[in-house]
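First up is the structure itself, then whatever we jot down about it.
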Amino acid sequence: MSDEDGSRASVDDDLEATEQRRIVRERYASVATDSSVDGGDSATSCCSGTDTGASAGDTDTVPSAGGTDTEPSAGDTGTGGSDSDSCCSGADGSANAFDATAQKMGYSEAALEAVEPGANLGLGCGNPTAIASLESGETVLDLGSGAGFDCFLAAREVGDEGRVIGVDMTPAMVEKARENAVKNEAENTSFRLGEIEHLPVADGTVDVIISNCVVNLSPDKSQVFREAFRVLRPGGRLAISDVVRTAEFPESVRLDSAAIAACIAGAERIATLESMLDVAGFEAISIEPKAESESFIREWDDDRDISEYIVSAQIEARKPDEE
Ligand SMILES: C[S@@+](CC[C@H](N)C(=O)[O-])C[C@H]1O[C@@H](n2cnc3c(N)ncnc32)[C@H](O)[C@@H]1O
């Protein structure tokens with residue numbers, strides 16, 4: 001991250017970006033291939049455990065541009081798994097616990113019931129669809145779409161005339177989201193393999209970008225916002241839920257790769273994010289911390305209270321209209 005953006009010496013100074021992405025991808029491949037999450041009776045996590053074993057089935061929707069080097073390879077899903085505790089989810093890592101935590105994040109019971117089990121993996125830290133004011137016919141892009149939970153909610157709001165594109169760099173997640181799209185009969189959704197720093201999406205084609213607890217995982221957040229700006233149409237908007245840093249991490253957290261993959265150590269200061277959005281060209285920038293997130297962030301780590309360092313926030317911004 002450059003000084004030009006006003007950013008601190010960040011995690012990518014401590015850990016090579018490639019290595020960071022590898023660790024993150026490994027984590028979420030493990031989550032995606034944990035078969036227990038569909039049934040919801042054993043633990044899974046976004047924030048702990050690093051088992052791998054990811055594989056992904058064949059694909060029918062390929063990245064149009066800028067996808068990752070790691071293409072999905074043939075194979076099963078539902079293998080591998082994590083024996084970890086939960087942190088970005090409820091205490092017992094079950095589907096019910098995910099739903100309970102999701103309600104704390106602002107998802108209504110009706111919304112949770114509207115999506116088939118297996119899409120909400122308890123990986124979010126807010127509810128971006130609640131702040132996106134989606135309208136029928138809009139094109140929505142979800143950065144780091146995971147198993148597709150927010151995409152399926154957005155798909156209901158934009159209707160048959162609209163569409164939702166999910167982008168995720170973890171092949172097993174993309175595969176899981178595609179399976180979930182079939183289960184949810186969400187024909188207006190598609191899922192692409194790619195990095196949010198190099199979006200596989202054409203310029204100026206998106207009305208609204210949503211994202212849930214993902215930008216913190218990027219080793220180059222400025223590049224994410226530049227890409228978001230590129231793919232939005234003039235007047236398009238950004239509605240993101242993510243964690244932001246409120247206090248300096250102890251070195252033991254800052255340099256811990258597991259804490260980066262766990263949506264903790266990569267969190268940036270609000271002022272830094274504002275500066276990055278500004279430099280990318282956005283206007284009407286608003287980053288609002290949600291104090292109520294303390295109740296679930298406190299559960300993310302058994303050993304320390306992470307809510308002393310991070311809070312969930314709503315990040316909103318707008319690409320200016322054409323002159
Ligand atoms: C914490 S999970 C959130 C998933 C989803 N947004 C949700 O709320 O369920 C983070 C997701 O972002 C993906 N991800 C992380 N860094 C990424 C990057 N640089 N580019 C694309 N996807 C990324 C991971 O593969 C994972 O599926």
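Placed from the backbone N, Cα and C atoms, the Cβ positions cover glycine too.
The compositional bias 'Basic and acidic residues' annotation in TrEMBL covers 1-11, 18-28. Look at TrEMBL and you will find 32-47 tagged as compositional bias 'Polar residues'. The compositional bias 'Low complexity' annotation in TrEMBL covers 48-61. Taken from TrEMBL, the feature domain 'Methyltransferase' covers 135-279.
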Secondary structure content of the compositional bias 'Basic and acidic residues' (18-28), with strand meaning DSSP E or B: 11 helix, 0 strand, 0 coil
Overall pLDDT for the domain 'Methyltransferase' (135-279), taken as the rounded mean: 97
DSSP-derived helix, strand and coil totals, residue by residue, for the domain 'Methyltransferase' (135-279): 56 helix, 41 strand, 48 coil
